[in-house]
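S.K.: What Swiss-Prot records for 9-22, 193-223 is compositional bias 'Low complexity'. Residues or ranges marked as compositional bias 'Polar residues' in Swiss-Prot: 29-38, 45-55, 399-409. The annotation compositional bias 'Basic and acidic residues' is assigned in Swiss-Prot to 422-439. The phosphoserine annotation in Swiss-Prot covers 167, 191, 390, 423, and the record cites sequence analysis as its basis. Per Swiss-Prot, the feature phosphothreonine maps to 174, 427; the stated evidence is sequence analysis. According to Swiss-Prot, the feature region 'Disordered' maps to 1-55, 157-231, 385-448.
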């Protein structure tokens, strides 16, 4: 049983060139067809698959089922990782996802200064056993051929795929499975990245792609068939950097004025929308640590969300839905302590919440999370203990080491015998005093 790519989704198309009958045609893969009038434009001669290009470049003798991949940066290799690189085609099972990418060397064009510039190549995909290298075995070292296959495909047998008839089958926009890494410096035809910037540019590009057109405007209208020139990437980078007024090679420096502006911008936000960082610390955003705000210690108080350990904690943070629907909420009106007395007072409310975040040891990074939590929960208690310790006496200016230390030492008075708790025998005087204390008190009535 032979498979036809896109059989069940032939209506899918991209932004490539279309003829009047709805068949998708690419710049280097146009078939013999009648001239079609389009919106006031004169009919353009169509290039066939077997016609020779007078300005260089090889023709594509076979029609690919997919749109091409065009190179726009010089020196970039066309390659895919193992098991990747086969385009998605509805109706084709994974066992038939095998083939190769064929490099098409495109034509050259004349620049305004009269020099010839060669367009960068474009690659087309063909299933194994089809296309210009239908008779070659998978993996054969051929210049301009890159072999690709899925992990489920048997590369020892050709793919059971029919050849594409351009008169009845549309070319499928190239798409890849999720996780596919595209070659750097290439873009997919029809993806919109190479769309011309204006109608005049589109017309000039259409005229340049017609090999049989003899009547052209001046040479200034000659542009590449693709809207992307080889040096366009460098031009885009230069324009972006010029727009930003920055140099990408230089790291951005944060001055005191910049840090102050960043801090003020953060503090102007509502309390629940602030994100502390190096320029605006945790205490500046939310106040000192205590029983009600008991998280944070050490470097995390200084760096805030910039701390390298914070992202793993952010994975525990609840979503907005979990916050509202998974917590106990209470609305309370509080006293407004801000503003002057002569200003109109505003009603201030607090939305108080109580909830919990549950996780177990199967959570990714569990050990690291527990370590960070243990280091930062109630860390203020340890810091307060260190602050309550007697600080080291500071030496005043003009004093040498050791000088003045004895002046700060308070000399206690010697203890009495009672404080010393020493035992002694009673004397005769002591016994006499004790007897007088036992006698009854008599008031002296004698007159003077």
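Note: Cβ is positioned from N, Cα and C throughout, glycine not excepted.
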S.K.: What is the total of other Cβ atoms whose distance to the Cβ of residue 167 (phosphoserine) is within 10 Å?
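M.R.: So the number of other Cβ atoms within 10 Å of residue 167 (phosphoserine) is 10.
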S.K.: Which Cβ among the modified residues (174, 427) has the fewest C-beta neighbours inside 10 Å?
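M.R.: Each of the modified residues 174, 427 was scored; lowest Cβ tally within 10 Å is 427.
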S.K.: Can you grab the distance from residue 167 (phosphoserine) over to residue 427 (phosphothreonine)? Cα atoms, rounded to a whole Å.
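M.R.: Answer for this pair: 138 Å between alpha carbons.
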S.K.: For residue 427 (phosphothreonine), just give me the three-state DSSP call.
M.R.: coil
S.K.: Please report how many Å separate the Cα atom of residue 427 (phosphothreonine) from that of residue 174 (phosphothreonine), as a whole number.
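M.R.: About 119 Å separates the two Cα atoms.
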S.K.: Using DSSP with the three-state reduction, classify residue 174 (phosphothreonine) as helix, strand or coil.
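M.R.: Reduced to three states, the DSSP call for residue 174 (phosphothreonine) is coil.
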